[in-house]
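Q: Positions annotated as domain 'Disintegrin' by Swiss-Prot, on the basis of sequence analysis: 1-47. The disulfide bond annotation in Swiss-Prot covers CYS2-CYS11, CYS7-CYS32, CYS8-CYS37, CYS20-CYS39.
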Amino acid sequence: DCASGPCCRDCKFLEEFTICNMARGDDMNDYCNGKTCDCPRNPHKWPA
């Protein structure tokens, strides 16, 4: 399925909702989508 990337392990996509980028500050965690090797950005922020 994939060769490398934060959402790829052993040439397979990681499962959907696997955390690929931990939250920092008011940002929320980013999760693998189970379809790509990239780590899609979560557009949401924690409420102020």
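Each residue, glycine too, has its Cβ placed from N, Cα and C.
Describe each of these features in terms of where it is and what it packs against.
A: Neighbour list (CYS2 (disulfide bond), Cβ cut-off 8 Å, at least 6 residues apart, same chain): CYS8, CYS11, LYS12, PHE13, THR36, CYS37. CYS2 (disulfide bond) falls within neither a helix nor a strand when secondary structure is assigned with DSSP, and so counts as coil.
DSSP classifies CYS7 (disulfide bond) as coil under the three-state reduction.
In the shown protein chains, 18 other C-beta atoms lie within 10 A of the C-beta of CYS39 (disulfide bond).
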Q: Which has the fewest other Cβ atoms within 10 Å: CYS11, CYS20, the disulfide-bonded residues listed?
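A: If we count Cβ atoms within 10 Å for the disulfide-bonded residues CYS11, CYS20, the smallest count is at CYS11.
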